[in-house]
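Chemist: This structure is in structure tokens; I'll ask about it shortly.
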């Protein structure tokens, strides 16, 4: 169920994605939200950190976990600009996040067509502000090709 | 194709799992191998690090990445005592690891029954020293129940 709060938090995830863009990283951003407050933020930093784990979702989960002092993020929502990959979807499940909201789909690396069964207890909303999220990716790859 | 080298490296992964056992963590261990040498080692430290990301496979991948100075682990093999979860399987794919060898299966959280298609370019060997790996898990959970 998309609502005003959803848009507000997706805009924050887009702010994070723009941080990645400025660092020449694939522009993906994420926030973890609990009771209407942002607990954790993250943007993709794979190249800068030389780590495949440094995806936006993982960075946001680690940041929220540190703030809470608990790796169990039950009741939290994760907003991310792009459909999570397999690894990040696994981390979302392991963290016991209750709701996942993502912007644009990622047919090549996204989880949705690669899992046999979606987990119970995780609400998923897709396509929120998808155009904005996708345009940011499009601009990034256009710039990359021109280099 | 199971061979002597495989057993040698799985024994190293089991050594890692025993480190987790001693720290009261679910005993899972992993090593990343390239050209017959161990590049990275890791054991499960989820509770100690309060991080869902601190699985044995991810720790071993991060350790190998640091040693190589590159997140691309093409040509490397990952040996892990237990069938990887979704998150770790995603990290294995993203790292471009060429071969995955695991010990015991994990029907509840393992990736194998949850993915619609296994990736091309990743060789998978399962069941290597499975009994040893499973017994270590069994002892851990028995001890946990007795506490």
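The backbone N, Cα and C atoms fix where each Cβ goes, and this holds for glycine too.
Quick paste of what TrEMBL says about this protein:
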ACT_SITE  A:57  active site, proton donor
BINDING   A:55, A:85, A:88  Zn(2+) binding site
DOMAIN    A:4-114  domain 'CMP/dCMP-type deaminase'
Chemist: In the domain 'CMP/dCMP-type deaminase' (A:4-114), how many residues does DSSP put in helix, strand and coil?
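Modeler: Summed over the domain 'CMP/dCMP-type deaminase' (A:4-114), the classes give 45 helix, 27 strand, 39 coil.
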Chemist: With a 10 Å radius around each C-beta, find which of these binding-site residues (A:85, A:88) has the fewest other C-beta atoms nearby.
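Modeler: Across A:85, A:88, these binding-site residues, the one with fewest Cβ atoms within 10 Å is A:85.
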Chemist: About how far apart, in whole Å, are the alpha carbons (Cα) of residue A:88 (Zn(2+) binding site) and residue A:57 (active site, proton donor)?
Modeler: 6
Chemist: In this structure, which of the recorded positions A:55, A:57 has the fewest other Cβ atoms within 10 Å of its Cβ?
Modeler: A:55
Chemist: Rounded to a whole angstrom, what is the C-alpha distance between residue A:85 (Zn(2+) binding site) and the residue listed as 'active site, proton donor'?
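Modeler: A Cα-Cα distance of 10 Å.
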